[in-house]
């Protein structure tokens, strides 16, 4: 697959295209660990790069903020819901390679997979260039989230915010259906969906039930599927 359009959105051209291909390859494509060239290790690297890049940005942009506040803002900026959102903006769901089973299971619509892929792309970029280059591109891609964090440092509550919006439309509380799907230590161990007025308006995954529900609410806030529901 040609990745030129993705590189144009990133504003970065890979010198080693194989690194980008690996960053876009989900583990479900190969069941043999000895031959696996998937995004898992790049995701591990990319997670650290994004954490450090956002940490440095907030530290310099908010010199009066205490450590606890900066930690909350960083967590909000690099949350699974947020990285998934920006991954969809980049169109990563169109480029990722999935195994047949994951494809049938709707993997392209899983926010957790897109968030992981987002991280892996920046891990690959750092290897293709250096940390400073990957940092500059990441801050440019995440500028909206970073500006929001710096201008409104108050901690957000996606579930509370979603409930307030929906109950202003109709006095019906959104409901969450959460199941344990993955392995005990997996980041996507729990899968949650939020329903309102008989419709699913958001999906989320997380290492805990709470995290999965928070991500589902955050995805619902971003997608605004309730606007398409006939009341």
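Positions of Cβ are set from backbone N, Cα and C atoms, glycine also.
Quantities reported herein were computed from a predicted structural model and do not represent experimental measurements.
Between the candidates 40, 43, 191, 213, TrEMBL assigns the Mg(2+) site shared with 116, 119 to 43. What surrounds the Mg(2+) site, by Cβ distance within 8 Å of the Cβ centroid and not counting 43, 116, 119, is the set 39, 40, 42, 44, 46, 47, 115, 117, 118, 120, 123 from the same chain. Predicted-model confidence for the domain 'RNase III' (3-130) is 90, expressed as mean pLDDT. Secondary structure at residue 47 (active site), as computed by DSSP, is helix. Distance between Cα atoms for residue 116 (Mg(2+) binding site) and residue 47 (active site): 8 Å, as a whole number. Ranking the recorded positions 47, 119 by other CB atoms within 10 A of the CB puts 47 at the bottom.
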